[in-house]
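K.L.:
Okay, these came from TrEMBL:
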TRANSMEM  A:21-42  transmembrane segment
TRANSMEM  A:68-87  transmembrane segment
TRANSMEM  A:119-140  transmembrane segment
TRANSMEM  A:160-178  transmembrane segment
TRANSMEM  A:185-207  transmembrane segment
TRANSMEM  A:227-249  transmembrane segment
Amino acid sequence: MKPFWIYYQKEMLEASRTYKWIWVPAVFLLLGIMQPVSTYYLPEILTMSGEVPPEAAALFTIPSADSVMASTLSQFSTIGLLVLVLAGMNTVAGERATGTAELVLTRTVSTLPMMGAKWAAMMTLMLVSFALGLAGAAYYTHQLIGPLEWGAVASGGLLYAVWLAWIVTLVLPLGAVLRGPAAAFISLGTAAALSLLSGLLPSRFQWSPGRLSSMAAEWMLGAGAGAWAPVIAALLIMLLSIIAAAGLLRRSPLSPQS
Amino acid sequence: MEINWGLIWPILALQAILAVTGLVSLFKAEPANIRGPRWMWVLIILLGNILGSIAYFAAGRRET
């Protein structure tokens, strides 16, 4: 376990030196707060924009508290996911550029603790940022729009965290063979494709981890169905990704890429 | 219409934190580690709201 902790501390230090610990949580908190506030002020915003007559704006009804929470999740799915993947894309690819990979790979130590530590550091950043964003969204929704079912928010949030986690984890094996931006693009593309497929053919893709984001939104609305198969699939993908990333880093050439 | 500033200021404060962090990082970095001219990123961070700062943190620096 000792090498793991050393790598973990190194990753956390690197993340704070590159300001990731400031900007990623800030973006999530901002996204989480803006959704309920802009929903609350939407009638005024519509009136002030001048395009909509005030009578029509008055017809707009403020959606229920849990549907505001569900739409906050879709904010996290676009900008939030993009931010997490962009922040994580250079954790492996960057090691080659800076020469750290040479230092580690020329020794006969396993790359698994290194990958495990990278993964754990990414997860720490992701969970803290997402929890902050969700808490901000829940607080503002509760104050502005109406009381929330805290159990539904917590379970929906937990399911959603699994969805974020497996996509962010995909960056590790992809980053071991590709440049950072390509790894980011492919992992986001995989997430989009899987969630589209499971939306189009729901009966065929019962187990697909691409369903997790829409299931999390349903859980927030208090209409959750069992989610064991997609969660297990997502956990398996994460485990395989970490192992594959450790193996691929050993095999791939050492020449600086990114 | 009455604007409740108690609701708005956390949003403005977070935007400010993002922009200030971006600018601090931009001015502490060596010119060789910044992609493109520095004044361009200053404009992007100041005028681009959240997305401007995200763009800078994601693409503005070489992490070496």
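Glycine is no exception: its Cβ is also placed from the backbone N, Cα and C atoms.
Tell me about the surroundings of these features in the structure.
P.N.:
Remote same-chain residues near the transmembrane segment (A:21-42) are listed as 15, 60, 62-63, 68, 71-72, 75-76, 79-80, 83-84, 87, 125, 128-130, 132-137, 140-141, 144-145 (criterion: CB distance under 8 Å, separation of at least six residues from the stretch ends).
Among residues of the same chain six or more beyond the transmembrane segment (A:119-140), those with a C-beta under 8 A of the stretch's C-beta atoms are 4, 8, 11-12, 15, 20-21, 24-25, 27-29, 31-33, 35-37, 68-69, 72, 76, 80, 84, 87-88, 91, 148, 150, 153, 157, 160-161, 164-165, 168-169, 171-172, 238, 242.
Here the transmembrane segment (A:185-207) has long-range neighbours at 81-82, 85, 167-168, 170-171, 174, 178, 213-214, 229-230, 232-233, meaning same-chain residues at least 6 beyond its ends whose C-beta is under 8 angstroms from one of its own.
Long-range contacts of the transmembrane segment (A:227-249) within its own chain (CB-CB distance under 8 A, at least 6 residues past either end) are made by residues 92, 95, 101, 105, 110-112, 114-116, 119, 159, 162-163, 165-166, 169-170, 172-173, 175-177, 206-212, 215, 219.
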K.L.:
Cβ under 8 Å to the transmembrane segment (A:160-178), counting only same-chain residues 6 or more beyond its ends: which ones?
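P.N.:
That would be 73, 76, 80-81, 84-85, 88-93, 115, 118-119, 122-123, 126-127, 130, 134, 184, 186-188, 190-191, 209, 212-213, 216, 231, 234-235, 237-238, 241-242, 244-245, 248-249, 252.
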